[in-house]
Amino acid sequence: MAGGKAEKPRRRGSSGGGGGGERSQPYHGGFQGGVSFDKSKGQHILRNPLIVDSIVQKSGIKPTDIVLEIGPGTGNLTKKLLEAAKSVIAVELDPRMVLELQRRFQGTSLTSRLKIIQGDILKTDLPYFDICVANIPYQISSPLTFKLLAHRPAFRCAVIMFQREFAMRLVAKPSDTLYCRLSVNTQFLANVYHLLKVGKNNFRPPPKVDSSVVRIEPKKPAPTISFKEWDGLIRLCFSRKNKTLGSIFRQKNVIALLEKNYKTLKQVQQAHPASTEIACMAEDVADFDEESNMDLDEGEEMEMDDIDMVGEKQENPFKEKVMGVLRSGDFEKKRASKLSQEDFFSLLSLFNQQGFHFC
């Protein structure tokens, strides 16, 4: 590394995050190879060479591996990756950094093993790779994670630096404060491990938040349940994660949504008798939106029963069918924030057995 320092620019777009989308004034006090770093673009220089060495070591790179690096900046981490791997595919948005990378490795023995793609990682068709190493802008954390997990063929692992809170959501377990829909969906598709915390003072200028490095290993074989079906259930359960499932599924708008899906599926099955389940496209993994929820009325918090015009309760057979599914698995009084992957698998299976689907 130049000068023996692990200085890696982090920027908004696709070449290093660190700032988590800060809107501060540009910082032009950091230079490397004649390139200035702009804090307003989330560019922060990683100062600690031990962290770079640790990232490479924890990636478990083999001499036969093709490595995808997202946000190589001026190439300090790239150099270490090239020394360990068969080749590196570097995706970089900033044309200044692309030129710097080309200059840095031109004429060296490493240049033939480096392929540079200039572009937005979220809009780039990714080639085959064995391992991904990424130092990303925090605002693309969620879409990038699910883009990678949707990639086929599946890679062996990804070692990525995230904003610390996002990283802790990825690894959170039931009953943890940060356990959420993101936790459940990521762990449905992959095994996730927290590797190390990176304090903000390891960067110049320091960002406002700490970072963490996470290792993501896609599950092999991949789950046979479609992601769209799975996420439909999880999204509904976490629409109000601290309320009981009975309370959530008893709401009028939820019942109406499930009834619509139920009737649509019945119509499909009548038209195509050989079809036993609704078709959900697996590629929808890449479209996961961490912030989105079911189209529910956020103001409807009370447990609602169907009421007729004179105020007397009317029985709703469809609602009783839904509640019967919850009761059959003892889920009515449970909360999403306490449920494990196995619990959600069981719940989805119970609904499917009764003809309910969530996509």
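Quick reminder: no glycine exception, Cβ is built from N, Cα and C everywhere.
Copied from TrEMBL, the annotated features are:
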type: REGION; residues: 1-33; note: region 'Disordered'
type: BINDING; residues: HIS44, LEU46, GLY71, GLU92, ASP120, ASN135; note: S-adenosyl-L-methionine binding site
type: DOMAIN; residues: 51-220; note: domain 'Ribosomal RNA adenine methylase transferase N-terminal'
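Features as recorded by TrEMBL, highlighted on the structure.
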{"residue": "LEU46", "record": "S-adenosyl-L-methionine binding site", "CB count, 10 Å": "26"}
{"residue": "GLY71", "record": "S-adenosyl-L-methionine binding site", "CB count, 10 Å": "30"}
{"residue": "GLU92", "record": "S-adenosyl-L-methionine binding site", "CB count, 10 Å": "30"}
{"residue": "ASP120", "record": "S-adenosyl-L-methionine binding site", "CB count, 10 Å": "12"}
{"residue": "ASN135", "record": "S-adenosyl-L-methionine binding site", "CB count, 10 Å": "30"}
Could you please provide the mean pLDDT value for the domain 'Ribosomal RNA adenine methylase transferase N-terminal' (51-220)? 95
